[in-house]
Amino acid sequence: MNTENIQVPTMAEMASKGEQPEVLFWVGCAGSFDDRYKKVTKAFVKILNKVGVKFAVLGEEETCTGDPARRAGNEFLFQMQAMSNIQVLDGYGVKRIVTACPHCFNTLKNEYPALGGNYEVVHHSQFLQELIDEGKVRVKEGGGFKGRKITFHDSCFLGRANNVYEAPRKVLESLDAELVEMKRCRTKGLCCGAGGAQMFKDAEPGNKEVNIERTEEALDTGASVIASGCPFCMTMLSDGVKNKEKESSVEVKDIAELIAEAEDLV
Amino acid sequence: MNYLSQIAFVLVLAIAGYFLAKRIKEIRGNILLGKDVDRSDRKSERMKSMLLVAFGQKKMFKKMIPAFLHLLIYVGFLVINLEVLEFIIDGLVGTHRIFAGPLGDAYTVALNIFEFLAIAVIFSCVVFLIRRNILKVDRFSGIEMKSWPKLDANLILVIEIILMFAILTMNATDQILQTRPDANYTQTGTMVFSATLIPMFDGLSTTGLIITERIAWWFHIIGIFAFAIYVTYSKHLHIFMAFPNTYYANLNLKGEMNNMDEVTNEVKAMLGVGGASTEPPAEISRFGAKDATDLNWVNLMNSYACTECGRCTQQCPANMTGKKLSPRKIMMDTRDRIDEIGKTGGDDGKSLLGDYITKEEINACTSCNACVEACPVNIDPLSIILQLRRYVVMEESSAPQSWNSMFSNIETNFAPWKFPPTDRFKWANDLKTEEKE
Ligand code: SF4
Ligand code: SF4
C-alpha cells in the first residue's frame, strides 16, 4: 500500500474543517503507549485507510477511560476521567466509537451512559466483521493462512461481560485458516489474568500464574497463532508463550493485525 | 382414638408452622438490613429469567450428569408436594387417602408416578453421596467447605433417602392391608414400586401392619416438617430462594459496574460541571462496603440462595491458580455475617471485611465474571467483591501500593502508566516514518 498517504486525522482537525467523521477510533492507553499494542493500532488504522472509512482519533486529547481505577475501587477517579472524557466527546458531537480495547469498549458503552455519555460503541472485531459483511474487506484466497491453525482467546470484557463471542470468530473465519477452540472458550473462557486492574499489580500468592494456565491451554490446541482482541490479553499471552519458550513457533496476534497481514498491509 | 391423632397432628402442624414462620421472618429481616436497590423494573424480563433459570433449571444444563440427577430430585420434590397435601388433609380431617375416592383410577396412576419419582430421588441421592464422599469431585472441597457445610450437604441427601423409604414402606404396608378384610382399607390399585417391598412385611399381623403403616406415615410427615425448618438453616434454602433470586437478579450486561450516584454529585461539583444537584448532599454513611449491612439486599438475598455448589469457584481463575479467593466463600461469609448481625445487632466489633473476607482475597479478583456466569441461580459474587474494594480504596486508602501508583498515573498523566500525555499520539508519527523507511 502506498504508505505515505496514510491519514490519521484528529477530531480537532476535522472540527476545524467543519467535518464530522463516521466513527471515532478510541485508541486506548495500551494502543497509544504499549510498544506491542501500538502495532495493533497501526494495523487497524491501515485497514481504515484502505477501506476508506472516514474516521478520526482524539490524539492527545484522549485520556484513560477510568476502567482500571473503577475496578480497583477508585470510583472518584473513574468518574473524574469519565466526566472529562464525556465533555470532550460531546464537545465534538461524537456519535459512534470503535475501539480495539475491550476494557475501553465496555466502559464507554455500558458505564458512560449513567454519567450522561451516550454513544454507539463497537469493538474493532465487530467493526471488522461489518466491513467483511459489506464486502469492503475481502481477504484474497484466505490471505495465505490456509492450512494454519488459529485459536481465539475470548477476552472476559468482550465475551462474558458483553456477550460478543461470534464477531471475532467470524473475522478469523474469513482468513480461511483452521479455527481451533481451546478447552475453555466462549462463556466458559478462561481469563488471561489481567482484568480487574490486575494488569497493574503483582498477582496474589498462589501456585501458578493465570496467564501460564491459559497459555498452556492455548498451546494444547496445536495452533501456531493465538488470536486475541485485547491489549491486556495480548501482553499476558505473549508473556506466557515466552515463558514456555514457544515464541519461535507460536505467535500472539490481534485480529486486526491478522486481517492487515492478509491484506498485505504490513 | 381418631380425634387424638387429629389433635396430635394439629399440634405438630402448629409447632412446625411457628418455627417456620419465625425463621422466615428472621431471614427476611436479615435481607432487609441491606441497602436499597431498585429492581422493580423490566417485570416481564424478570419473570422470564425466573421461569427459565429457576423453574426451568436452564443454567444447570451446562453439566449434563448432575443436571439430570438434580432434575429428578427437583421434579420429585415438586410432585411429592402434592402428596403432602393429601397427608395434611388426612391428618387434619382424620381421613385416609382422601384423594383416592374422587380420583379413582387417576389416583393409582398418580401414586405410581410418585413412587417412580421417589425411586428416582433415592437413586440421585445415592449417586450424589458417592460423588461427594467417594469420588471426591473437586468442586465439593475447598477452604470454605468445613465441617458444617460438608455435613449439611450429606445430611440432606440421607434425609431425603429416608423420607422416600418411609413413603415406600407406607405404601407397601397399605397395599397388604387392602387385602386384609379385617382392616377394611381403601383400595388404591397396585403401586408397582412399593409392591416389591411387600415380601418384607407380609408376615406381620394386621395390627402390626397398621402400626407400621402409621409409623411410616407420621415419620414421613414429621420428617417433611422438620425438613422444611431445617432447610432454612441450610444451603438447601436455595429450593425456595432460587425463585426470588433469579427474579431480582441484575439484568444488565455483566460488564457494567453500577454507578455510585453519591460520588457523581461530588465529582460534578469538583469539575464545575452543570447538573450538580444544589440540595445539600444526602448523608453518606460509607463509600463501598465494609460490613454485610453496607451491601444491598440483593447481595444478601444472594447469600441465602447460595447452594454452595462451587461452580463459581471451580471457574474462578484466581482460585484455580491457588489464590485464596473463592467466590463461593464470599457468598458463604456474607450469609454467615448477616446471620450473625441478625442475632447480635452487629455491635460486636467485627465486620465482613477483615473478620470474614480478607483483602488478599478480594484483591485477587480479575472481575472476569466467570463466577457470575457459572452460578446456576444467578448469584453475583463479583458485586460484593467490588463493593468491598471500593471501601478499601475510598475509605481506608489501603489499596496495594502498585494500584496507588496506577491511580496517581491516571491523575497526573491520564494513563495508568507513567508516560507523558504528550507522547500519546506519537504512534501516528511512527506510522509515517516507519512506512517511509
Ligand atoms: S470475577 Fe473474580 S471471583 Fe469471579 S471468577 Fe472472576 S476472578 Fe473469580
Ligand atoms: S454462588 Fe452460585 S455457583 Fe457459587 S456456590 Fe453459590 S450457588 Fe454455587
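First residue shown is number 1, and so on along the chain.
Glycine is treated like the rest: Cβ placed from N, Cα and C.
TrEMBL labels come from automatic prediction, so no person has curated them.
Among residues of the same chain six or more beyond the domain '4Fe-4S ferredoxin-type' (B:297-328), those with a C-beta under 8 A of the stretch's C-beta atoms are 27, 30-37, 39, 138-140, 142-145, 149, 152-153, 235-238, 241-242, 244-245, 248-250, 334-335, 338, 358, 360-362, 364-366, 368, 370-377, 379-385, 387. Positions annotated as domain '4Fe-4S ferredoxin-type' by TrEMBL: B:297-328 (among others).
If you look up TrEMBL, you'll see B:355-385 (among others) marked as domain '4Fe-4S ferredoxin-type'. In the predicted model, residues of the domain '4Fe-4S ferredoxin-type' (B:355-385) average a pLDDT of 98.
Same-chain residues lying 6 or more positions outside the transmembrane segment (B:6-21) and placing a CB less than 8 Å from one of its CB atoms are 88, 91-94, 221-222, 225-226, 228-229, 232. Per TrEMBL, the feature transmembrane segment maps to B:6-21 (among others).
Residues annotated as transmembrane segment in TrEMBL: B:67-89 (among others).
Remote same-chain partners of the transmembrane segment (B:109-130), defined as residues 6 or more beyond its termini with a Cβ less than 8 Å from a stretch Cβ, comprise 69-70, 72-73, 75-77, 79-80, 82-83, 99, 103, 154, 157-158, 160-161, 164-165, 167-168, 171, 188-189, 191-194. Here TrEMBL flags B:109-130 (among others) as transmembrane segment.
Within its own chain, the transmembrane segment (B:151-170) is flanked in space by residues 73, 80, 83, 114-115, 118-119, 121-122, 125-126, 128-129, 132-133, 140, 193-194, 197, 201, 212-213, 216-217, 219-220, 223-224, 227, 230, 234-236, 308, which lie at least six positions past its ends and keep a Cβ under 8 Å from the stretch. Per TrEMBL, the feature transmembrane segment maps to B:151-170 (among others).
Sequence annotations record features per position, and here TrEMBL assigns transmembrane segment to B:215-233 (among others).
Packing against the transmembrane segment (B:67-89) from elsewhere in the chain are residues 13, 57, 60-61, 95, 97-99, 110, 113-114, 117-118, 120-121, 123-125, 127-128, 160, 167, 217, 220-221, 224, 239: each is 6 or more residues past its ends and has a CB under 8 Å from a CB in it.
Long-range Cβ contacts of the domain '4Fe-4S ferredoxin-type' (B:355-385) within its own chain (Cβ-Cβ under 8 Å, at least 6 residues beyond either end) map to 49, 53-54, 57, 59-60, 62, 238, 241-242, 245-246, 249-250, 254-255, 258, 289, 295, 298-299, 302, 305-307, 309, 311-318, 323-331, 333-334, 336-337, 392, 398, 400.
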